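The structure appears below as structure tokens.
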Amino acid sequence: MSEIWVIAEKRGTQIHSSTYELLGKARELAWKRGSSVALALLIQERPTEETFRNLFRGGADRVMIAVDKSFERFDFGPYIRVLKEMVSQRPPEVILAPATTSGRTYMPGLAALLGTGLTADCTGLDIEEGTGNLLQTRPAIGGNIMATIKTPKHRPQMATVRPKTFSPLGEVYRERGEIVDFPVRPELVESPARLLKFDSIGEGEKGVQDAEIIIAGGMGLRRMENMAPIYKLARMINGTVGASRKIVDSKWIGHEAQVGLSGHTVKPKIYIAAGISGAVQHIAGMQTSEFIVAINRDRNAAIFNFADIGLIGDATEILTQLVEAMELEVRK
Amino acid sequence: MRILVLLKQVPDTDEVKLDPENGTMIREGVGTVINPLDLHALESAIRIKESGEHELTVVSMGPPAAEEALREAIAMGADRAVLLTDRKFAGADTWATAKTLSAMIGLEGPYDLILAGEKATDGETGQVGPETGAMLGVPVITYVSRIIEVGEDGIVVEREVEDGRETWKVPYPVLLSVTKNVNEPRLPTLKGKKKARNANIEKMGSEALGLEPSTIGLMGSPTRVVKINTPKLSRQAKLYEGSELIEGIARLKALLKPYLEVNHE
Ligand SMILES: Cc1cc2nc3c(=O)[nH]c(=O)nc-3n(C[C@H](O)[C@H](O)[C@H](O)COP(=O)(O)OP(=O)(O)OC[C@H]3O[C@@H](n4cnc5c(N)ncnc54)[C@H](O)[C@@H]3O)c2cc1C
Ligand SMILES: Cc1cc2nc3c(=O)[nH]c(=O)nc-3n(C[C@H](O)[C@H](O)[C@H](O)COP(=O)(O)OP(=O)(O)OC[C@H]3O[C@@H](n4cnc5c(N)ncnc54)[C@H](O)[C@@H]3O)c2cc1C
């Protein structure tokens, strides 16, 4: 029976949440298709029993592990050669991986070696009635269109999926499953690339991509000092500060905070856009947020067309009032 | 050293307006430009070229009109430009695009350093760079945010990833894809523009590249776009204005209340 594969994403030796999101989706597709789910994990040391159990609970029937020092940090060559070899031993029907900096790099590499198609940054996956083909839906052209893409004649069908698009399985799938050790031959992981240094961004510093709540500022704040209530609010609710390109270009905040076409795509539970006009390039990065709040002085600002609630007025004043009200709430 | 930059020509997004009715991009009358992110790859290449005895080529697969983008690259500082153009290349997905680009590189190569942009502003997959690298069998480093050292025996670069910054050293040949943080692209000079006007843009079609029709363009593409639809973008915002603003702030407060940190001082 043909399998649906998920390639695990890790941070250090921990499995990243995007892996469980994909397992959840793969499980759902497997039920439809009548196939099973396998997880491939390339990692520097053998995972704990608990990790295996979580993967089975999360939707995997089978876990394939390749253990080698070279997997400590992602390196293109070793990854694509090992994955290619795994695929050739037991070719799957579908391969899914998170659209992270590493997933977006090894998936195209692997697709090139396998001579098959790859759909980028999917936000929807389904099985086509009749043919059983994977229907891959992705936003394109700045999020203004949704394209549905098929890989009708080539196998495996490959897709990367934006983190936070799907949800992990709601219930426990199974407690145990098959564990397969993939022997890593030295020539597969030989690499001319040398990692000289790794500077980690401190724990707790959540990037906009991983944020549950984003409070984003735009030029309507008028001055960098007026960002203060945004930072204050972010601290109170463990939110992350985002930005439009204009304030990044004005050096009020670093590029890592930029949301939009040339910044990050985000999908928080709540997105607050304060003093942001709603240019298409900004919208492209945040329109799939679950709930959008816009604060703008101009009632005709485009951002209101993309918001669930809109507050019309001075952004700094409104935010300051909000922060004061929240502080009262804390003291209660 | 031989340096190659992969350049894509894309619709000028600065000119793109959104149709308020259905949220699609209005493309009529929109010009084309070099993919903005590729300018950073080109700038990196020009800086390296200026630091020693290096030859800088730019290549694009595209319609005859892409010649303009290549001329602009010459105006900025590229030595030569190659346009891969053929009706049979039309409709290529990223696999077929990479196949065509790597055929040119295989024929002309080897190139020591190949640079690509992070992604194109239209297709936005970011796949062409790593696919090309894999087809050529060279190391690939993506999301390069800084070029630290261009040495005799290799290049040292920094890449930005989710959990931090990595510094890598890689010997040549290597393919890098760069982000916009890597540098600020220069503008073409008057002298450059003059040179570009008379420059010869070399053209190659599928036969010159020795490519079978079944491996290029739509025919050679494993993926098929089967449906395009325009999501209804607009949400029905409840607006709070004037005297209702208080109510709006209260609603926002209620929305955020569950997220208040318990041990907030
Ligand atoms: C290729 C390309 C890529 C791009 N990528 C991105 C991207 O990734 N992200 C991005 O954000 N942009 C991007 N842009 C830029 C984008 O087109 C806009 O220029 C930018 O988003 C505008 O930022 P803004 O909304 O902060 O500023 P403005 O457009 O200047 O809007 C300011 C808003 O604040 C409101 N305002 C003014 N005073 C107040 C006040 N006192 N209180 C409340 N509101 C007030 C105004 O009514 C206005 O709506 C890109 C552009 C191009 C061409
Ligand atoms: C709506 C839509 C969705 C699509 N989705 C997919 C998909 O999911 N998978 C897929 O395989 N194809 C897809 N395509 C096709 C894809 O857009 C084309 O193959 C395109 O030629 C290259 O992909 P890109 O624009 O994503 O470039 P990217 O891969 O984002 O470009 C990255 C870099 O590669 C270089 N490069 C890219 N194209 C060229 C070129 N023609 N010449 C020289 N250098 C170049 C540039 O340096 C560029 O910065 C889609 C097309 C459309 C219209």
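Start at 1 and count along the chain as shown; that gives each residue its number.
Yeah, the Cβs are placed from backbone N, Cα and C, and that goes for glycine too.
TrEMBL lists A:244-245, A:258-262, A:275-282, A:Asn296 with the feature FAD binding site. Among the features that TrEMBL reports, domain 'Electron transfer flavoprotein alpha/beta-subunit N-terminal' is placed at A:4-192.
Contacting chain B by the Cβ rule (under 8 Å between Cβ atoms), the binding-site residues A:Gly260, A:Ser262, A:Ile276 reduce to A:Ser262. By neighbour count, meaning other C-beta atoms within 10 Å, the densest spot among the binding-site residues A:Ile276, A:Val280 is A:Ile276. The 6 Å Cβ screen around ligand 1 retains A:Ser244, A:Gly260, A:Ser262 from the binding-site residues A:Ser244, A:Gly260, A:Ser262, A:Val280, ordered by sequence position. For A:Gln258 (FAD binding site), the same-chain residues lying six or more positions away in sequence with a CB closer than 8 A to its CB are A:Gly242, A:Ala243, A:Ser244, A:Arg245, A:Val248, A:His264.
A:Gly278 (FAD binding site) has a Cβ environment of 21 other Cβ atoms inside 10 Å.
Around A:His282 (FAD binding site), the C-beta neighbours below 8 angstroms that are at least 6 residues distant in the chain are A:Gly218, A:Ser244, A:Arg245, A:Val259, A:Gly260, A:Leu261, A:Ala273, A:Ile276.
Counting neighbouring Cβ atoms within 10 Å of each of the binding-site residues (A:Ser244, A:Ser262), the lowest count belongs to A:Ser262. This prediction places the mean pLDDT of the domain 'Electron transfer flavoprotein alpha/beta-subunit N-terminal' (A:4-192) at 95.
Counting every protein chain shown, the Cβ of A:Gly260 (FAD binding site) has 25 other Cβ atoms within 10 Å.
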